[in-house]
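Peer 1: Taken from TrEMBL, the feature active site, proton acceptor covers His57. Taken from TrEMBL, the feature substrate binding site covers Arg197, Glu309. If you look up TrEMBL, you'll see 401-545 marked as domain 'N-acetyltransferase'.
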Amino acid sequence: MLWIDCSWGQRRSRCSGNTIEAAPVTRRTANDGGRVSDLTDMVAFRTDASTRLGIGHVMRCLALADRLTSIAIMSIFFCRELPEALKGRLERHGHRVHLFGDASTPAGEVAEIAQAIRELPNRPKTLVCDHYERDGTWQARLRDVVERLVVIDDLANRSHDCDLLVDPSVDRRPEDYSGLVPGEAIVLTGTRFAMLRPEFALLREQTTVEAAATVRSPPSRIVVSMGGSDEPNATGYVLTALDALEPAIRDTLHIDVVVGGGCPHVPKLREQADRLGLNITLHVDTEDLADILASSDLAFGASGGSSWERCCLGVPTITLVLADNQRYIAERLAGHGAVINLGTWPDISHESIRAAFLSLHGNTAALAEMRTAALAICDGQGTRRVVEAIVGYRMTSGQAIALRPALADDAETLFRFQSAPGARAHSRNPEPPSWEGHCAWFARRLSQSCSPFYMVMAGDVVVGMVRLDRRSADEEEYEVSILIDPAWHGQGLGLASLRLLRLRHPGLQIVANVSPKNRASQAVFRRAGYVKVSPDWYELRANSPGIGKRGAS
């Protein structure tokens with residue numbers, strides 16, 4: 001296994017016990033990296049959702065697919081079980097869906113996937129498998145179909161044949177997969193890689209330090225969310241328990257009930273909401289969960305993948321274990337102090353639900369401690385990190401392509417790029433800057449923290465620059481500028497840089513000035529998802545497919 005921290009701009013390292021050994025650095029001063037290996041413009045997913053399986057596997061794959069769409073990489077989902085409401089959501093987000101026939105066997109799936117891929121105009125070279133019932137034997141059959149296999153798992157209980165494995169479980173370690181994946185596989189573990197939709201990270205970033213440290217007590221806005229399917233109807237059980245609270249407390253509560261479109265209990269929950277004395281709003285198949293959670297004071301939730309959404313927004317949670325695979329998460333989160341763990345269904349009483357709630361009602365200190373602990377679990381950036389690992393831009397020689405923030409020491413390198421013959425041939429200002437003028441501009445630019453400024457790295461070598469300049473103080477639009485070292489032209493670095501930039505800033509509206517004479521750059525911007533809006537201007541909109549209506553992370 002290769003154990004790595006996938007943060008861009010940091011050297012890859014191998015973890016061993018409590019020490020981190022930095023990977024050896026080979027200094028290069030010339031272009032000896034070959035071309036960028038661009039794995040694909042389409043990614044395939046194999047996942048399912050049902051009352052039995054839940055919808056978490058599909059939802060985290062959807063988060064990845066949406067983020068891939070933001071950098072003009074399309075997705076196709078191969079599914080056997082998929083509720084109609086969830087199929088509609090995938091298609092509304094612009095993703096293709098291929099449903100297997102009822103008689104198809106796991107072995108037959110591979111043949112069907114191979115045939116479908118052969119018929120696609122952009123053949124996926126990468127397949128992501130997120131499925132508890134598919135293991136290394138099944139995955140190995142796909143080696144002749146795709147070039148790269150990615151597995152998402154959170155059980156660490158079976159073998160996988162993959163190139164990349166992601167397990168976002170809290171406290172999970174790469175060593176847990178020792179002997180379960182090929183020796184050369186990359187293993188990414190922990191909640192740094194929890195795959196959430198971008199609006200969660202956006203709302204987290206909008207939370208001030210003061211707000212992050214405060215809680216409303218006693219809690220009045222309560223979320224009840226037991227997963228998309230909630231097979232046992234734990235939602236209804238929790239509502240019955242809360243309805244028996246004394247009226248002086250019960251009547252102060254507003255309860256947001258969140259269920260998936262495939263939940264079989266929706267009619268019963270509607271009837272229950274009308275009958276009980278609680279103030280209940282029922283949300284079915286909502287795409288506004290981030291807003292709902294951000295407005296809440298406390299949640300009752302199943303301890304599945306939705307735990308990371310609540311942690312990202314710092315929501316204190318009373319959690320229930322509704323399936324065996326949720327027990328590990330509940331125990332770990334309780335150990336961190338982020339949740340109260342009520343135990344495993346069905347051994348949970350109405351009395352224990354009320355007692356847990358009353359232990360927090362008016363207990364400002366306990367709520368604040370749980371909120372702080374939850375916020376420390378998940379930062380909401382996991383989807384970007386996983387997509388960067390899936391896309392995996394590397395030179396054919398193996399050097400990883402990455403972005404890192406520009407530093408003061410980069411001034412001379414960037415001046416050399418800008419002063420190279422022909423470097424500014426298609427610039428609006430073709431005159432190269434003076435050294436004094438460049439240094440003054442560079443210092444000003446580094447001080448503008450609201451405008452991203454990155455150096456493009458091939459391994460440990462600086463090979464270019466990409467930045468976003470806000471066009472005006474009252475305008476939420478940025479102009480992109482990109483410059484690649486002439487010694488590295490023709491290697492695919494421009495496209496890789498633009499896509500990596502978009503992954504970091506999916507919600508910004510970006511424009512690019514591209515000379516009509518610069519056909520190579522025009523082609524690169526089009527492939528990166530930019531749309532031509534005038535002879536020399538291209539645009540990448542904040543509401544590009546897959547970003548969602550909030551627009552950023």
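Placed from the backbone N, Cα and C atoms, the Cβ positions cover glycine too.
Caution: TrEMBL annotation is automatic and unverified by curators.
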Peer 1: Give me the count of other Cβ atoms within 10 A of the Cβ belonging to His57 (active site, proton acceptor).
Peer 2: 23
Peer 1: Round to the nearest Å and give the CA-to-CA distance linking Arg197 (substrate binding site) with the residue listed as 'active site, proton acceptor'.
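Peer 2: So the Cα of the residue listed as 'active site, proton acceptor' lies 13 Å away from that of Arg197 (substrate binding site).
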Peer 1: For the domain 'N-acetyltransferase' (401-545), DSSP counts of helix, strand and coil?
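Peer 2: Within the domain 'N-acetyltransferase' (401-545) the tally stands at 48 helix, 46 strand, 51 coil.
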Peer 1: If I take every residue in the domain 'N-acetyltransferase' (401-545) and average their pLDDT values, what number comes out?
Peer 2: 90
Peer 1: Who sits close to Glu309 (substrate binding site): which same-chain residues at least 6 apart have their Cβ under 8 Å from its Cβ?
Peer 2: Leu196, Phe200, Leu289, Ala290, Leu293
